[in-house]
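Feature annotations, reproduced from Swiss-Prot:
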- D40, E41, D131: divalent metal cation binding site (BINDING)
- 34-223: domain 'RNase H type-2' (DOMAIN)
- 209-229: region 'Disordered' (REGION)
Amino acid sequence: MKPRTPPDSPLLFDTAPLVPDFRLELKARKAGHWPVAGADEAGRGPLAGPVVAAAVILDPKRIPEGLNDSKQLSAQRREELFVQILATATVSIASSSSTRIDETDIRKASLDAMRRAICSLAIPASYVLTDGLDVPPGLDCPGQAVVKGDARSVSIAAASIVAKVTRDRMMARAHSVFPDYGFAAHVGYGTAQHRAGIERHGPCSLHRMSFRPLRKTENGPETDELLSE
């Protein structure tokens, strides 16, 4: 006899993509918290460049259509939504440089950037939804960490888009200073092109020397601080 799935339970192997909505924000509002900010970061995995965090408070009456996890969107669609988010929402952006990442670690640097983004919002948040497992310490308001939050909350999705587009633009500028690594193409991730550039030229000042692939390489070209924190 075939086992039955309980009527109110999702299929165990349901792989349908999540679609972000405003339910978590409305739940916080019902509990007395308003406004609600979503926060996310971009750039935890690359071998070079900063980690960038964004915090976004959406206007419930002007939510851009098509918000989703930035990784599920084309570069062109991210750029389009980026413009719409900046025009309709309260947005704050912060970053932690590769130097800060090396001095602490990527988790601490990411949470610090997220904390600074949240605390710099022009309209103080009463509650924060963050993507992942952690709420940054040191906030002036309570918050909730949401696993796969950028696919569940439109506020977090908006923050993921702002962080991703901002970081991609920063790495495009870095490419003009360090053209030997191909930053404009891979934005610092460990692609074959990037690793070949490191092998030929050594790392530059934007590389994260604490990351395992770079720990044994010699210092290459340096420059003044290119990307402000």
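Placement of Cβ uses the backbone N, Cα and C atoms for every residue, glycine included.
Known features from Swiss-Prot, placed on the structure.
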residue: D40; record: divalent metal cation binding site; CB count, 10 Å: 32
residue: E41; record: divalent metal cation binding site; CB count, 10 Å: 28
residue: D131; record: divalent metal cation binding site; CB count, 10 Å: 26
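Residues A39, A42, A53, A54, M114, T130, G132, G149, D150, I156, A159, S160, A163 surround the recorded divalent metal cation site, their Cβ atoms falling within 8 Å of the Cβ centroid of D40, E41, D131, which are themselves excluded.
Note on the domain 'RNase H type-2' (34-223): its mean pLDDT in the predicted model is 95.
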